Amino acid sequence: MTRPQHSDALLVLQDGTVLHGYALGKIGTAGGEICFNTGMTGYQEIYTDPSYFGQVIINTTSHIGNYGIQLGLEEESAGVKIRGMVCNFFSQTYSRHLADESLQQYFEQANIVGIHGIDTRQLVRHIRDKGVMNCIISSAILDPAVLLAELAKVPDMNGLELSSEVCTQETYELGSVDVPERFKVAVLDLGVKKSIVQNLANRGAYCKVFPAKTSFAELQAWNPDGYFISNGPGDPAAMPYAVETVKQVLDTNKPLFGICLGHQILSLASGISTYKMHNGHRGLNHPVKNLITGLCEVTSQNHGFAVKADEVQDHANVAVTHVNLNDKTIEGIRRTDKPAFSVQYHPEASPGPHDSRYLFDDFVQLMAD
Ligand SMILES: NC(=O)CC[C@H](N)C(=O)O
């Protein structure tokens, strides 16, 4: 297969590795934390997921761009959130009758810089061995030494609070026209994906979405039946404001459900700390064991931090409900003294398999009870 020819581009890693490829998207320079996603579909959902804010994504599936972009429907937030993209074969043309435009056009409009023609298999093996690191991509500066100096300015993800940058700045409300509204859910938006709010609304939850730094008093003033703590970017340990809000929510004894960053915040509010993983989990086929049913779920994942497993046993009011079968990391917890639970993975699975969507039903059931 021939690769579309463009101008040259460079990818420079924090450890000094330099890789040569071709430009895609906007001509320019972009730096961030380099992460790999192993999903074979769903690139548009990935690029618009606010949890990827500040990150450069390697798509390990070898063909990217070939089904184009569908505006609106397949976007997980208003616009692209990733910093940059790395792939092997990049297709400027697409074949899908529902597509509105090409990925190249989409990235150009969103000012996203990318690189293709990279041996992503070799690159991922390198990162997998050395661990997560920052990188810089450029199609404007082709001097590795200059790029390394620029790379030094890219902030470390450790200690970074990003939710307040990507969350809604105004509250908004969302329900479903097809399902009778049975419950009011206050959504704390730490960088929420659209499909999560939609999954709640589809089950009769009338949602009000609040900015990340909303005080508990303001959430409570709306008198919700339950609280949802969303996914989002950055380091959970850098978000004491959200931990404080969740502690106050727990005191109300109303149902609380957290996904990904929301799971990490519930853990912190329960006295369990988080850590940065050697490499995160990002893909659509991570096996997770549900310890209550004994069944394995194939899950969609996107996280770089995790909850410390060895600290959970010191907390009698926290039970582990889900475990990752690849590396035994904690995938879900439940408070034994409160109607509160959370998962590290993505039950909305947009993209991904729908094995775990029952968790939204469990949350609705908690509110019904
Ligand atoms: N998807 C998420 O909510 C990600 C949570 C957090 N930013 C992490 O990387 O672990």
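Using N, Cα and C of the backbone, Cβ positions are placed for all residues, glycine too.
The active site feature in TrEMBL is assigned to His346, Glu348. Summarising the annotation, TrEMBL assigns L-glutamine binding site to Ser51, Gly232, Gly234, Leu261, Gln264, Asn302, Gly304, Phe305. If you look up TrEMBL, you'll see 7-138 marked as domain 'Carbamoyl-phosphate synthase small subunit N-terminal'. Positions annotated as region 'CPSase' by TrEMBL: 1-183.
The structure, with features from TrEMBL marked on it.
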residue	record	CB count, 10 Å
Ser51	L-glutamine binding site	30
Gly232	L-glutamine binding site	32
Gly234	L-glutamine binding site	25
Leu261	L-glutamine binding site	32
Gln264	L-glutamine binding site	30
Asn302	L-glutamine binding site	27
Gly304	L-glutamine binding site	21
Phe305	L-glutamine binding site	19
His346	active site	25
Glu348	active site	26
Roughly how many Å lie between the Cα atoms of Gln264 (L-glutamine binding site) and His346 (active site), rounded to a whole value? 13
What average pLDDT does the predicted model assign to the domain 'Carbamoyl-phosphate synthase small subunit N-terminal' (7-138)? 97
Quick test of your reading of the structure: among the recorded positions Asn302, Gly304, Phe305, His346, Glu348, whose CB sits under 6 A from ligand 1? Asn302, Gly304, Phe305
Between Gly232 (L-glutamine binding site) and Glu348 (active site), how far is it from one CA atom to the other, in Å? 14
Residue pair Asn302 (L-glutamine binding site), His346 (active site) - Cα distance, angstrom, rounded: 8
Could you measure between Gly234 (L-glutamine binding site) and His346 (active site) for me? Cα positions, answer in whole angstrom. 16
Those same-chain residues, other than Ser51, Gly232, Gly234, Leu261, Gln264, Asn302, Gly304, Phe305, found with Cβ within 8 Å of the centroid of the L-glutamine-site Cβ atoms are Gly191, Asn231, Pro233, Asp235, Pro236, Cys260, His303
